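Okay, so here's the structure we're looking at.
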Amino acid sequence: MASLSVKPGQRFTVPDWQNNSLLISADAEQQRYNSHHIRQEGRALRNETGNQARWDEHNTRTRLNDRITSVDRWREALARCLTDIDLEIDALTKVKEAAENALQAKNLCLDVAIECLTFRESRRDIDVVRDPVEEELLKEVKVIEKAKKELQQRVDDAFKQLCLLKEARQQLNCDHRHKLETLELDRQCVSFNVTSGNISFKVNPTRIPDGTTALREWELNSQCNKDRAEAEMKASVDLRGAITLSIAQTNNELDAQRIATEFALRKRIRDMEGALSELRWQERNTLEEIAEMEEEIRQLEEDIRKRTLDLKVAHTRLETRTYRPHVELCRDQAQYGLTDEVQQLEGTIRALQQKRTESQDALDALYRQLHRIQTDIGYKTNSLQLDNKCMDTRRKLVIPVEKFEPEVDAVNRTRNLPRNSQLEL
């Protein structure tokens, strides 16, 4: 008879089976709920991040456009300033050339005046007089030389101002070029989008590069460049006006006031004679004081010699008394007196020697002062002789052709004035 085989293992009850089904259903419901919640959160996050990204990109693009506008506004201001400074450089260059032409034009006038003076130096006998013509010619030469000096100074000032203008222009040009490069880069940044082919991840893109400046510093740099260029242009305008005025004045001031050289020369001679009298009086007094000081030094040396002999006597007495026998070798009043005498004489000799040293130093100082006075007298005597020769020359107005022949320097266009040795007639 066949038997029923029973599979060994655990046997669940119907409630267990029902509970298991309910648990599976409950877990499925929970998992679907969780999945639905996560889907909702993901959708909200996608919406939020998408909107935030779009707003951030919009704000960045707006900021870039604003920055482009700001940089472009400065570029236009610098460009206008560059145009103005170029015009000012051209205007100052023309004025400088006009001043150089005016300076060159003065050479012909100077050559004519010097030639006239050279011709008139050949006058002889009674015709050699200081007449109004010669005075006018001399005044003309002085006026022309003064005008040349002033125009040369103006030309130098114009050259320096041109250098400053070109330096300011170079800074403006550099700033303008940098702003053009910045505009090109920022416009390129504005053109980037998600479909651009040259976008990629970069290494540490949020780093602060070396040399980064603050916005305020950037604005101050451009403002300083612009302000400096405007200041230099203003100075150039003022200088152009001064140069134009100088050209007009030098062209109109050919008959200027004659300098009173002769009066100043006479006054200088009087002052020199007074100084020489004072120096000669000082020389005489110094010589007298030197003689008295030398006599005083001789007296001091004589006193030193006498006190030295007295000291020798006192030393000899003290030494001789050291040979007294036995108990006689006592310190009596004579011994004390000799000792005091020696000390007194030594002090006296030191004081006399010190005074002789001081007197000798004073004598040396007197000799140095005398040498200084005599040297100054020589200088002033020579100056007085030269001034007297100048006065004689101005009175006679005779400069021999064989000793001095005026020459015109083709470069400096100035007269070769006679030296001191050439002033003698």
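Counting begins at 1 with the first residue displayed.
Placement of Cβ uses the backbone N, Cα and C atoms for every residue, glycine included.
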Problem set entry | coiled coil per TrEMBL - which of 174-201, 230-257, 342-369, 398-425 | 342-369
Exercise. Which range, 78-105, 106-133, 134-161, does TrEMBL list as coiled coil?
Worked result: 134-161
Exercise. Who are the long-range neighbours of the coiled coil (276-310) in its own chain, taking Cβ under 8 Å and residues 6 or more past its ends?
Worked result: 341, 345, 348-349, 352-353, 355-356, 359-360, 362-363, 366-367, 369-370, 373-374, 376-377, 380-381, 384
